[in-house]
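Trainee: Starting off with a structure, shown below.
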Amino acid sequence: MMAKSALRENGTNSETFRQRFRRFHYQEVAGPREAFSQLWELCCRWLRPEVRTKEQIVELLVLEQFLTVLPGEIQNWVQEQCPENGEEAVTLVEDLEREPGRPRSSVTVSVKGQEVRLEKMTPPKSSQELLSVRQESVEPQPRGVPKKERARSPDLGPQEQMNPKEKLKPFQRSGLPFPKSGVVSRLEQGEPWIPDLLGSKEKELPSGSHIGDRRVHADLLPSKKDRRSWVEQDHWSFEDEKVAGVHWGYEETRTLLAILSQTEFYEALRNCHRNSQVYGAVAERLREYGFLRTLEQCRTKFKGLQKSYRKVKSGHPPETCPFFEEMEALMSAQVIALPSNGLEAAASHSGLVGSDAETEEPGQRGWQHEEGAEEAVAQESDSDDMDLEATPQDPNSAAPVVFRSPGGVHWGYEETKTYLAILSETQFYEALRNCHRNSQLYGAVAERLWEYGFLRTPEQCRTKFKSLQTSYRKVKNGQAPETCPFFEEMDALVSVRVAAPPNDGQEETASCPVQGTSEAEAQKQAEEADEATEEDSDDDEEDTEIPPGAVITRAPVLFQSPRGFEAGFENEDNSKRDISEEVQLHRTLLARSERKIPRYLHQGKGNESDCRSGRQWAKTSGEKRGKLTLPEKSLSEVLSQQRPCLGERPYKYLKYSKSFGPNSLLMHQVSHQVENPYKCADCGKSFSRSARLIRHRRIHTGEKPYKCLDCGKSFRDSSNFITHRRIHTGEKPYQCGECGKCFNQSSSLIIHQRTHTGEKPYQCEECGKSFNNSSHFSAHRRIHTGERPHVCPDCGKSFSKSSDLRAHHRTHTGEKPYGCHDCGKCFSKSSALNKHGEIHAREKLLTQSAPK
């Protein structure tokens, strides 16, 4: 009998426990309870459910089965390579199949009564020399099992061979039950589950099909025609798996609880909490408030809330259930029977109405832009989504709608990057600059997001951009950089700042109010200008020199906030800053470039007469907004000053026929006149932008401003920090459209997608071999070049792979982390341990086969 203390030895890898789990014999323990307990502990040591996610555990199981079903001639060769995941194993087999010149032999197999000749690969010579031990062939049948049960198909696992009427309760040790997978939970509930392994669309079951003891009627499910569409367009209908696993935001959860507190939903769920029709109606009601959820997601979320509620009731800290009060009202049957005439009464009774209440009815509110919305003041909160503080409501306003914010659904990193890239396109940039609350335009943005696989409503897109603006202003006001992870993208998109040449009429225009604007309004505008946040341009304008005598003007900020237009001009005091040596160099270059502008510039058309700036234009009776009220003689001057506001780029760099704004042209000229003007004083490396130099300087200074609050690890770059955070949150925002597999990095998704397309963009020029991963390609290139960049600091020996260097370094340190569980012998390489384990496997095989 194996000692339990041996299971807790440190330094053993999961492969050892996997082999022990698979080769476990019932005869080694005293009875069934000990056998089950031993298998449980071995399985947990192998799969490590406390560390790995469900997807990772499933991948380990599938990888093991995949290696088992491989042809015997290549199985040992693949196992010799020690693939860490299924994707790597598939790639190894594909590379082996496509390797030219490999001899093949034909094999005749019978498929449905017909003989088919297949080609069988011959494995490498190295793999033929390995000892082939098929685990399945040596596994003995447990004693006490009837012959009828032994005669079952070997393809059936232990779960399939069990009586379907028997349900195995989760085995609990130390108070921690082993978590069920989502698939098992759905099967136990009797729901159909059809895995989408080949990327096909969701399969629909025929009417009246049987799933276990439950009969599924297709006519009970709402048809696609009856489902409400966001903008009455068919392409908004998505399959369930497209939105599965999306994080539930705070406002979205409160909306769900407010809906469930209504009488019809509360009574129905109290009688039958698994009623799919009720959850379907809840999902439809959520959709009315801008949250796209399936009935299964609503049911799963409510089950999760119930679980956290029970934890608090059993003595866990209150933080375990953030919605304890709302759940207390529902679970304790304290919800008063309310009329079902609207969600507002239920929400107000449950205390769920938050700071985001509006004065519009949901049925009256559409996606189309209303004229009154331009004049409305949309309160922008500086708090995050988890803020519980309520904003006082206007007592004279109409009955509030619960939870205006439809942007509560979490936006992933790649989704936000795609969203900002779409907004930076010319057609959206120009249109949103003129009217940032155009709902039809946000509908087009949402449609473009849909093309990239992200499902969003127009209102969610608008709310997200407002949130990005808020976090951007926080950083500009001096808060920590991690407040706005997309600061650089927002800085390039939001700010438009002009260093204009001296102009007599310009100062007068900046200081005097426009005709049609009262002195009180002008004073109010000046006060708003003093309070406005200082914005940067898209070309690192913090480094830009202001020529002597120039007047600083700032065009209205792109996509103004709903309160009104931002400050029109810079405060003089804000221009006094500490400037580094790099900034001084930038100043000199810009001053030099400005003197050379006439040689390179080509004056384009400048007769725009439609400026949307609320500071420069007045709204007079009988005239539309945007009509000029200044004297006609100053029209050309005003237009020349308003080109940045209009987004016009009248200056063309003749060398490349590329158009720019005034400041962008100066920056572009600097890039041609002086290549990479920002030089690192430590290593001499040069950069084209000061921001890139600042990031590079952190390598020398060791500065890591982005610190993880969970584990304390620090990072130099915000992008690496965001990627690291997903380790703690478990977020995997990048989903494969073919198989549904999720990843926490976009690069991992791109590499994975190449396994479906067969694309291998990295081709070796020496031998012609192709790779789907740049790292594998780089390692292969070193075979031809002889490059060995990884040097041992102790003996100076070089290696082409970092893994080889780590294994070599253990020869100096004496570290042997891989220990044999049977004899205690330790090894510095996992491959050596695997080969050593085959010796014990052979010994056990001989012992079992020896006559007694």
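Residue positions begin at 1 at the first shown residue.
Every residue, even glycine, has its Cβ placed from backbone N, Cα and C.
Sharing the record's features from Swiss-Prot:
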{"type": "DOMAIN", "residues": "18-100", "note": "domain 'SCAN box'"}
{"type": "REGION", "residues": "96-182", "note": "region 'Disordered'"}
{"type": "CROSSLNK", "residues": "K112", "note": "SUMO2 cross-link"}
{"type": "MOD_RES", "residues": "S153", "note": "phosphoserine"}
{"type": "CROSSLNK", "residues": "K180", "note": "SUMO2 cross-link"}
{"type": "REGION", "residues": "347-400", "note": "region 'Disordered'"}
{"type": "REGION", "residues": "502-557", "note": "region 'Disordered'"}
{"type": "COMPBIAS", "residues": "508-517", "note": "compositional bias 'Polar residues'"}
{"type": "COMPBIAS", "residues": "528-545", "note": "compositional bias 'Acidic residues'"}
{"type": "MOD_RES", "residues": "S561", "note": "phosphoserine"}
{"type": "CROSSLNK", "residues": "K576", "note": "SUMO2 cross-link"}
{"type": "REGION", "residues": "603-625", "note": "region 'Disordered'"}
{"type": "CROSSLNK", "residues": "K652", "note": "SUMO2 cross-link"}
{"type": "ZN_FING", "residues": "678-700", "note": "zinc finger"}
{"type": "ZN_FING", "residues": "706-728", "note": "zinc finger"}
{"type": "ZN_FING", "residues": "734-756", "note": "zinc finger"}
{"type": "ZN_FING", "residues": "762-784", "note": "zinc finger"}
{"type": "ZN_FING", "residues": "790-812", "note": "zinc finger"}
{"type": "ZN_FING", "residues": "818-840", "note": "zinc finger"}
Trainee: By DSSP, how many residues in the zinc finger (818-840) are helix, how many strand, and how many coil?
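Mentor: Reading the DSSP string over the zinc finger (818-840) gives 11 helix, 4 strand, 8 coil.
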Trainee: Quick check on the zinc finger (734-756): DSSP residue counts for helix, strand, coil, in that order please.
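Mentor: Counts, helix then strand then coil: 11 helix, 4 strand, 8 coil.
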Trainee: With CB pairs under 8 Å as the measure, which of the listed stretches 678-700, 706-728, 734-756 comes out on top against the zinc finger (762-784)?
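Mentor: Per the Cβ under 8 Å count, 734-756.
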Trainee: Go through the chain and flag residues at least 6 beyond the ends of the zinc finger (706-728) whose CB is under 8 A from any CB in it; none is fine as an answer.
Mentor: 413, 481-482, 485, 487, 695, 698-699, 744-745
Trainee: Can you tell me how the residues of the zinc finger (762-784) break down into helix, strand and coil by DSSP?
Mentor: 11 helix, 4 strand, 8 coil
Trainee: How does the model score the zinc finger (678-700) in terms of mean pLDDT?
Mentor: 86
Trainee: What are the helix, strand and coil residue counts for the zinc finger (790-812) according to DSSP?
Mentor: 11 helix, 4 strand, 8 coil
